[in-house]
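**Student:** Quick one: this structure, given as structure tokens, is what I'll be asking you about.
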Amino acid sequence: MAIARFPPYFATSDHRERCLEQLRSKSAPLEKYIYLNGLKERDPNLFYDLLLQNMKEIIPLLYTPTVGEACVNYSHIWRRPEGLYVSIEDKGRIRNVLSTWPNTIDSRIAVVTDGSRILGLGDLGANGLPISIGKLDLYIAGAGIKPSSTVPICLDLGTNTQRYLDDPLYIGIRRRRPDPEEMDEFMDEFIEAMKDVFPSLMVQFEDFSTDNAFKYLDRYRYKYRVFNDDIQGTGSVILSGFINAANLSSAASGKPLADHRILFFGAGSAGIGVAKQLLSFFIMQGLSPEEARARIWTVDSKGLITAGRKGLQEHKKFFARTDYEGPALTDLVDIINYVKPTALLGLSTLKNAFSETVVKAMAAINERPIIFPLSNPVHLCEVDYQDAIEWSDGKVIFASGSPYFSVTYKDVTYEPGQGNNMYIFPGLGLGAILSKARHVSDAMVEQASIALASSLTDEEKAAQLVYPRLNRIRDISARVASAVIRQAQKEDLDTNNYLRTLPDDVLSSLVHDKMWRPHEATPRL
């Protein structure tokens, strides 16, 4: 077979523009995802170059909302091996399986999912791998983590979703998920093997079921370098946005920051994780931990969560109210009228849960109501931005989990905020890697949030944004990473003593210099 040659005048054309044109010619987001996946295989440097130059356009294709569709259909769109699968059938030899990964010594970050709770889409089993792949692409784009140092992992533990078990093209093991005892044995072996095979690795847990997300974070967080983005990352990015939103709201109302009252609609791992992170906001205002907890109310599918409810799940007990003894409150508007919250946060995955009456109820009791519908992807978001603007008559302070376009209402253009975890986890991971932290502490996560909140430019503040614009992500990640490094040093969790000798400006420059860039010499993390 003849050797293929480039066209004679290929070098005089802009292949990046050609690839962008090819991408934009695809009409369906899933087709664009597949195209980008192929481009990354053919020319990784070009793929990441395009991503860095077109983040606002491409990130929603690589991650939320498109990655959800990619996961649901992954068994049907699969084209080539992209990550590492570790099966429940590998128990007893997990170390051997992990050792098949190339370049284990230089690996720095793994994103691990078991596919049991992908976004708001449920148990997708082995189809969950694109979540790990997409998250690592954001580490690479957002914080300059070297692509060859990333490890996407899906734990194939079966699935309880019957349609996948019945699908002849399903790529995972055909069994139901293990009982807790078998799962614990598997996870213990897996984590210990990860430590042995990948000595310099940080592990991010992603999209585990609610109970397991909390359990395995608590089980391993002080023994290994692990964190859970659904619990800690989401909480951190929302804390940051809430700090800025609360300042805007209090400026309009004249009320002290300590007087804010937060109502959470949705009490899964993400909801409770965010709620616990937001305790820090009130403690920053001088409240005690108990006083801070009293400023937060939680709602699930059965209504306002109270301590007297029978069969209450363990993770919901922390915020269960002990000061309400009336009949069960199940209607969200009734709950708003009872609680009188200044902020309503949605992590329920219930589309349109924040109806017109809900938004108007919030606007009736607040000069600038804070409404954060944070569920992903867009088709599960509690309220669309256009509706939130119109129903609140432009008063709402808004941030969502998925991206929305700006809205013009009564001749005023409003720019939405997006509580995108990408603002936090790339910089948090980079800071933990560079400092060689022994584990990721709550204070490191909190400092990441504070660094993000303080990263708004004067122009962004003038536009009353609650989050900075994503096209500055590497500067933001450097700021976050520097704060994480300093906090690790403060808690004596770091093992890279050299960074302790650097003044802040030199540390910031070093963090920037450590970021990988396409077509440049690769820095060593």
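Backbone N, Cα and C define each Cβ position, glycine as well.
Model, not experiment: these values are computed from the prediction.
Pulled these from TrEMBL:
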| type | residues | note |
| --- | --- | --- |
| DOMAIN | 40-221 | domain 'Malic enzyme N-terminal' |
| ACT_SITE | Tyr63 | active site, proton donor |
| BINDING | Arg117, Asn376, Asn420 | (S)-malate binding site |
| ACT_SITE | Lys135 | active site, proton acceptor |
| BINDING | Glu206, Asp207, Asp230 | divalent metal cation binding site |
| DOMAIN | 231-489 | domain 'Malic enzyme NAD-binding' |
**Student:** Could you tell me the C-alpha distance between the residue listed as 'active site, proton acceptor' and the residue listed as 'active site, proton donor' in angstrom, no decimals?
**Tutor:** 7
**Student:** Are there any residues in the same chain, six or more apart in sequence, whose C-beta is under 8 angstroms from the C-beta of Glu206 (divalent metal cation binding site), and if so which?
**Tutor:** Val111, Val112, Thr113, Ile131, Ser132, Lys135, Asn228, Asp229, Asp230
**Student:** Between the residue listed as 'active site, proton donor' and Asn376 ((S)-malate binding site), what C-alpha distance do you get in Å?
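**Tutor:** Answer for this pair: 10 Å between alpha carbons.
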**Student:** Once Glu206, Asp207, Asp230 are set aside, which residues in the chain still have Cβ within 8 Å of the Cβ centroid of the divalent metal cation site?
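**Tutor:** Here the non-site neighbours turn out to be Thr113, Arg117, Ile118, Ile131, Phe205, Phe208, Ala213, Asn228, Asp229.
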**Student:** Can you check which residue among the recorded positions Arg117, Lys135 has the largest number of Cβ atoms within 10 Å of its own?
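**Tutor:** Comparing the recorded positions Arg117, Lys135, the most crowded Cβ belongs to Lys135.
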**Student:** Quick check for the class: what is the C-alpha distance, in angstrom and rounded, between Asn376 ((S)-malate binding site) and Asp207 (divalent metal cation binding site)?
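**Tutor:** That separation, Cα to Cα, works out to 12 Å.
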**Student:** If you draw a 10 Å sphere around the Cβ of Asp230 (divalent metal cation binding site), how many other Cβ atoms fall inside it, taking every protein chain shown into account?
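**Tutor:** Cβ-Cβ neighbours of Asp230 (divalent metal cation binding site) within 10 Å number 26.
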**Student:** Give me the CA-CA distance between Arg117 ((S)-malate binding site) and Asp207 (divalent metal cation binding site), in Å, as a whole number.
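**Tutor:** Between the alpha carbons of Arg117 ((S)-malate binding site) and Asp207 (divalent metal cation binding site) there are 5 Å.
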**Student:** Using Cα coordinates, what distance in whole Å links Asp207 (divalent metal cation binding site) and Asn420 ((S)-malate binding site)?
**Tutor:** 15
**Student:** Write out the long-range same-chain contacts of Asn420 ((S)-malate binding site), meaning residues 6 or more apart in sequence whose Cβ is under 8 Å from its Cβ.
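**Tutor:** Correct list: Val237, Gly401, Pro403, Tyr467, Leu470.
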**Student:** I'd like the Cβ neighbour count for Tyr63 (active site, proton donor), meaning other Cβ atoms within 10 Å of its Cβ, all protein chains included.
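**Tutor:** There are 27 such Cβ atoms around Tyr63 (active site, proton donor).
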